[in-house]
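Remarks on the structure that follows.
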Amino acid sequence: MKGLSNLFLCFSLFIVSFITEADSASQAQNNGIYIVYMGAAASSNGGTRHDQAQLMSSLIRRNKNAVVHSYKNGFSGFAARLSEAEAKSMAQRPGVVSVFPDPVLQLHTTHSWDFLKYQTDEKINSSPSSGSDSSLIGADTIIGILDTGIWPESESFNDKDMGPIPARWNGTCMDGQDFGSSKCNKKIVGARFYEESDDSGTKIAGSARDENGHGTHVASTAAGSPVAGASYYGLATGTATGGSPGSRIAMYRVCTTFGCRGSAIMKAFDDAIADGVDVLSLSLGSSPGLEPDFPSNPIAIGAFHAVEKGIVVVCSAGNSGPGPKTVVNTAPWILTVAATTIDRDFETDVLLGGNKLIKGGGINFGNMTKSSVYPLIHGNSTKSNDNVSEADARSCVPGSLDENKVKGKIVLCENLDDGGYFPSDKLDEVKSRGGVGFILIDDDERTVAPKFKSFSAGVVSKKDGNEILAYINSTRNPVASILPTVSITKYKPAPVVAYFSSRGPAYNTPNLLKPDITAPGVAILAAWPGNDTSEALRGQKPPIFNLLSGTSMSCPHVSGIAATVKSVNPAWSPSAVKSAIMTTAIQTNNLKAPITTVSGSKATPYDIGAGEASTSGPLKPGLVYETDVADYLQFLCSVSFNISQIKLISNTVPKDFSCPNNSTSEMVSNMNYPSIAISSLKENEPKKVTRTVTNTGEEASVYTAIIEAPTGLEVQVIPSKLEFTNKSKKLSYEVSFKASSTSKEDLFGSITWTNGKYKVRSPFVASSN
């Protein structure tokens, strides 16, 4: 199947890089460990609930190594080795919300910040009296990152000019294998890891050190210190800096070579809540269609309790696009991030005979020049035998090419639907047959800058590929040269929705528009472990910065923005921070036209949510939508929780709260969310929702509604004007949707409140389904 699922089995770990991927099929496997979720914690002092202690004691009496993790800070429960029968029995015990197998989740694998700021009218300045010192951006906020660990020696994590660690920080820097507590500093203020153990209880040596690279890259994107002269072997040269360079980093290593265990993720959430982080960033998640409902979803559970404690939780949307209903991490308390390109292109030129130049992409450090030409051949002309199909030869699948026909030549290959072979397989086929160059025709790959190291290779669009084919077919002795890659800035159009970015609507969360926001996630330059010889070019040292793509990369961009907003507005709730980021998002590209997808079609909220995140707009949004705990509890009602279960889950249930008798998913539309989603909209049958906004700007201010509605949908806002005073800081309005006919397509639009200074925009979608 064509799409990112193919790409990331090749350029694995949900990032476009040659890293080992955890087998997604293992998500469905049970390693004998079950998570027993018991809802809210006993108290704020980290004590263990009596019923939890009893259950754990009974297990330990049977097997002293039965309990793997205990949760007591942000919520209650534990992970333990259980038989299936024991798990079923445990689920019936009083005080237990759910029991489920420990899942294995996947990772969703720098000029990007300059581009975001260029797209915005004003620069970030979180401390107006101190000039433009970047070290003050996000000062003293703490970003917790759940990932593969961190490489503390990276210059991106130096603590030069940083002040003392905030006194409220309660975390620790764990001693581990090749990672002593001295590795932490005023930038990396905490580092935890969650080692695994076998059935006998023998612990596998653990460490917070990053052996993969993903966590290091993510952490430096979110909060890395400025490093001048950063590049990937001379490409993308500039100052690498995180979005919130004044923020501190707390790393929670939840992912190992075996994947990211749900039990470890929940333990990290539990620790982070007690440690005192302000923002949590997770570039990982379930596979599309496999994301469990709340009672058995480690990320949704952990995030709920973190948000309840005032922590902003930001998650990647996944890399399974461009198909619909592929977005994950869709709980309403999570800020879900899609991915777009930036205005930098990695251009690999293909020079044909007659000096015809084709502008391709990808990254290669080959040694071909304009004056060196090589025979050029199409894969279809190099079949190894008559049993090889034309499609396989055109695609250069393994075993399809004849060495005698390929040796010494540049081979043009296509990326057809060829049974799951990936670009790296085709590259290896050409190399193994003695080819000296590789050109791949693929519109999607052209946008993500795949890396070919020292081999002369590039990717071209289908349009350019057809031009190369025409040249081959019309020339007796076609020749070409593939030039080394160069970086091109101010590339247009940008941003463009990354083809791999997962799309809405959310298959398991009707009436909630996801993703929420988008941010740069293609070919992002950030820190990398300094010992990774697998990434090194021949004869050169390993890179200390690397280029990766994925929603794994877009997520920390938004985490950095959230940390900055929190530093400027420390009293704001997580929902206010989320609202500020969403309602100030950008919907246009650097051509001042609407953001588009790779195919050129106008991006919808299913692609980009509210739009591209702004770096400065969220600091002063004008109005915010505050989604309170009662909204989230009503959401739980709508997904079949009863009031008894809800009182187990939350300690903050209002006294007068109850689930309506007719709780349905349509109730979610009335959640006080910064976007609006309406379903089951029938012809001439209006539906109404209510929203409440809080004024964060000038006390005396008048906002007027501007409605952008598609043909066939009548939208009314009542009242159409909101007048705020020093006594009325919260005002509500009603939106009515009425379709003049039943549309087979989902209808998109927006409602923007403006007072002339601020524009507070909410996207909406109306569906007849």
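Positions of Cβ are set from backbone N, Cα and C atoms, glycine also.
Note that TrEMBL annotation is computational and uncurated.
Residues near ASP147 (active site, charge relay system) in space but far in sequence (CB under 8 A, at least 6 apart, same chain), listed by position: LEU107, ASP210, HIS214, GLY215, VAL218, ALA219, MET251, TYR252, ARG253, VAL254, CYS255, LEU282, SER283, LEU284. Per TrEMBL, the feature active site, charge relay system maps to ASP147 (among others).
Sequence annotations record features per position, and here TrEMBL assigns active site, charge relay system to HIS214 (among others).
What TrEMBL records for SER552 (among others) is active site, charge relay system. Note on SER552 (active site, charge relay system): other Cβ atoms within 10 Å of its Cβ, all shown chains, come to 34.
Per TrEMBL, the feature domain 'Inhibitor I9' maps to 34-108. For the domain 'Inhibitor I9' (34-108), residue counts in helix, strand and coil come to 21 helix, 27 strand, 27 coil, using DSSP.
Annotation source TrEMBL lists domain 'Peptidase S8/S53' at 138-591.
As annotated by TrEMBL, domain 'PA' applies to 392-468. Along the domain 'PA' (392-468), the predicted structure has mean pLDDT 93.
Secondary structure of the domain 'Subtilisin-like protease fibronectin type-III' (670-765) per DSSP, as helix, strand and coil residue counts: 1 helix, 56 strand, 39 coil. The annotation domain 'Subtilisin-like protease fibronectin type-III' is assigned in TrEMBL to 670-765.
Annotated signal peptide per TrEMBL: 1-24, in sequence order.
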